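Trainee: One structure is given below, represented as structure tokens, and several questions about it will come after.
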């Protein structure tokens, strides 16, 4: 995920050199992220670290814009890589800048990286491995052990998003993830799986880790 950017290649043909600039854009998925203790808890450095802990990185503004063009609609502001803060809106509404504003990327501009606190927009690219579900009524601790028993690790949020985006993972079962959240990926929306009309990764938030209601999503690398 660190290879995106602009590169200059030199072509040597006899006595003449030619330079060609190439721009590499990674395919990936942007997802909003907030911690278990609620929204707007991250300063910039916290946000960067949180994305990295979930097998992702802070999204660039360009990646957030592309995600908005593809349908990302989120009413909580989050950090992006250049230290600015934004949120993407498809459906204009009162709590999200007002009904009169056109759809777009709402911007707070540059903010103080130490003092100001928001959520994060993370970016993850294609998965180097597999995410799969283990059914059961597991506590968080038991979920981690169940994955280890299969030679895997409990999946991170970025890994689940990548499996949903690139591998078409579709599962109507909430499962524990490494950060203590419970989520499930839906590629084919249906009424009994959250009822929302768009594909996405649904979240049950951060339930008590002692709760034995959910299975777990595991990750094994290739």
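Heads up, the Cβ atoms here are built off N, Cα and C, so glycines get one too.
Checked TrEMBL, it gives:
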DISULFID  75-96  disulfide bond
DISULFID  172-193  disulfide bond
DOMAIN    29-124  domain 'Link'
DOMAIN    125-220  domain 'Link'
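Help me picture where these features are in the structure shown.
Mentor: Of all the Cβ atoms in the protein chains shown, 15 others lie within 10 Å of the Cβ of residue 75 (disulfide bond).
Taking all protein chains in view, 13 other C-beta atoms sit within 10 angstroms of the C-beta of residue 172 (disulfide bond). When secondary structure is read from DSSP and collapsed to three states, residue 172 (disulfide bond) falls in the coil class.
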Trainee: Would you say which of the disulfide-bonded residues 96, 193 has the most Cβ atoms within 10 Å of its own Cβ?
Mentor: 96
Trainee: Taking helix as H, G and I and strand as E and B in DSSP, count the residues of the domain 'Link' (29-124) in helix, strand and coil.
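Mentor: Once the DSSP states are binned, the domain 'Link' (29-124) shows 22 helix, 30 strand, 44 coil.
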Trainee: From the Cα of residue 193 (disulfide bond) across to the Cα of residue 75 (disulfide bond), what is the distance in angstrom?
Mentor: 22
